[in-house]
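For reference, the structure discussed in these notes is given below.
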C-alpha cells in the first residue's frame with residue numbers, strides 16, 4: 001500500500017502501469033489502501049477539533065467534546081468511503097463508450113488511487129484552521145487531477161486526446177462530489193455540538 005502512495009506521488013506513470021498489472025481486488029484495496037488513507041483526515045480532524053477547535057475567521061475556536069467528535073468522525077469516514085465508491089461508478093459509467101471498458105470494481109480502484117493526494121492533505125486537520133485546510137485541499141485536489149489526467153489514458157487504453165476529454169468530465173463530477181463532501185463535513189464538524197450535543 002505505502003509503495004503505491006509513494007509511487008503515485010513520485011513517478012505516477014510507472015505506478016499506474018504497476019497498479020494495472022496487479023489485478024488487486026476491491027476488498028483488498030479497501031482494507032489496505034482506502035481504509036488507512038481515509039482515516040488520515042478523520043483522525044486528524046478528530047484530534048484537531050477536540051484539542052484546538054475549528055476557527056472560522058478571527059472568531060472564537062469551536063472545540064468539540066470527544067463523544068460528539070467520535071460520532072462525527074465515524075460519519076465522515078463513511079462519507080469518504082462512499083465518495084470513493086461513487087466516483088468509481090461515475091468513471092465506469094463515463095467509460096461505457098470505450099471498447100476496453102474496465103469493470104466497476106477496477107474503476108473503484110482507480111478512483112481510490114486518484115484520491116490519494118486529497119486524503120493525504122487531510123493531515124492539516126490536526127490544526128484545523130479553515131484557510132490552512134483550504135490551501136492543503138487545493139494542493140491535494142490539483143495533484144489528484146494530475147493523477148487523473150495521467151492515469152485515464154492507460155487505464156482505459158485510449159489516446160491522450162480522448163483521455164483529456166474523459167478526465168475533464170470525471171474531474172468536473174469529482175469536484176461536485178468533493179464540494180458535497182466538504183459542505184457536509186463543515187456542517188457536521190462546525191455545527192456538531194448543536195446537532196449532536
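Just so you know, glycine gets a Cβ as well, placed from its N, Cα and C.
Whatever TrEMBL says is automated annotation, not expert-curated.
Annotated domain 'Yip1' per TrEMBL: 6-179, in sequence order.
The annotation transmembrane segment is assigned in TrEMBL to 29-49 (among others).
What TrEMBL records for 69-95 (among others) is transmembrane segment. Among residues of the same chain six or more beyond the transmembrane segment (69-95), those with a C-beta under 8 A of the stretch's C-beta atoms are 30, 34-35, 38-39, 41-43, 45-46, 49-50, 101-105, 107-112, 114-115, 119, 156, 166, 169-170, 173-174, 177-178, 181, 184-185, 188-189, 192, 196.
According to TrEMBL, the feature transmembrane segment maps to 107-123 (among others). Outside the transmembrane segment (107-123) by six or more residues, the chain places 4-5, 8-9, 19, 24, 26, 29-30, 33-34, 37-38, 40-42, 44-45, 80, 83-85, 87-92, 95, 136-137, 139-141, 143-144, 147-148, 151, 155, 174, 178 with a CB less than 8 A from a CB of the stretch.
Residues of the same chain lying 6 or more positions beyond the ends of the transmembrane segment (129-149) and with a Cβ under 8 Å from any Cβ of it are 8-9, 12, 54-57, 113-123, 163-164, 167, 170-171, 174-175, 178, 182. The transmembrane segment annotation in TrEMBL covers 129-149 (among others).
Marked as transmembrane segment by TrEMBL: 170-191 (among others). Nonlocal intrachain contacts for the transmembrane segment (170-191), taken as residues 6+ away from its ends with a CB within less than 8 angstroms of a stretch CB, comprise 45, 49, 54, 56, 62, 64, 72, 75-76, 79-80, 83, 86-87, 90-91, 94, 114, 118, 128, 137, 141, 144-145, 148-149, 152.
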Same-chain residues at least 6 beyond the ends of the transmembrane segment (29-49) with a Cβ under 8 Å from one of its Cβ atoms are 1, 4-5, 62-64, 69-70, 72-73, 76-77, 80-81, 84, 108-109, 112-113, 115-116, 119-128, 185, 189
